[in-house]
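K.L.:
After the structure tokens below, expect a handful of questions from me.
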């Protein structure tokens, strides 16, 4: 991938990440509180729904930028003909690689953010300091495995579906999709992927919010899922599914639409520059 393409992916990905995370933060807070072990009302209900927003704001740009740089690079590295039956596999591998890299930045931000969302009276920096003091760096990466195990299946569904919908729409209208059309494809792909991966999101939330030293805090995803199933059944496994679908559908529209639009504009500016 050439330098203009690299810079365009970095900036477009970062701006897309910041846009979606800040706009949809209240929905994310509601989803987190619905999934928390103490229940929605005890976790804060509808009050203080911007608790934890500094953590999201700081982590959004580098997290999304890291994902898209990796995603575009792996797609370029595994270049195949657009009509090849291997194209969906290329998108799956690129998305998976992107998630593994991005989660190195996303998880610490997510741990701090989610604890702030269910403890709205505690300042974000204080939560960050407490984690470092009580658990060290490992505490910031609690839930890394569960986050990757959630994000990879999500991306395996979302990105090939997004790329396929764009390709189909382009074929039907006989020209490349516009940014708003890419955004619509992103909304459909994101909403569907969000629904089918909600149990993994519930497990990730429980692991990140668990008390240090508890069995759930160890990060065993299957154990966390089994605990939720045993205590709350199917309803517990799909807690927060509707705000999650709403947030990610709208997020997919904003995130992927913003990425495509910004990426195209930056490449156009790069071509015109001497």
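A Cβ is built for glycine as well, from the same backbone N, Cα and C atoms used for every other residue.
This is the feature table in TrEMBL:
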type: REPEAT; residues: 4-77; note: repeat 'Solcar'
type: TRANSMEM; residues: 6-27; note: transmembrane segment
type: TRANSMEM; residues: 48-69; note: transmembrane segment
type: REPEAT; residues: 86-168; note: repeat 'Solcar'
type: REPEAT; residues: 177-265; note: repeat 'Solcar'
K.L.:
So if I exclude everything within five residues of the ends of the transmembrane segment (6-27), which remaining residues of that chain have a CB under 8 angstroms from its CBs? That is, six or more out.
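P.N.:
Distal contacts: 49-50, 53, 56-57, 60-69, 71-73, 243, 246-247, 250-251, 254-256, 258-260, 262-263, 266-267, 270.
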K.L.:
What counts of helix, strand and coil residues does DSSP assign across the repeat 'Solcar' (177-265)?
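P.N.:
Grouping H, G, I as helix and E, B as strand yields 75 helix, 0 strand, 14 coil.
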K.L.:
On the 0 to 100 pLDDT scale, where does the repeat 'Solcar' (177-265) sit on average?
P.N.:
87
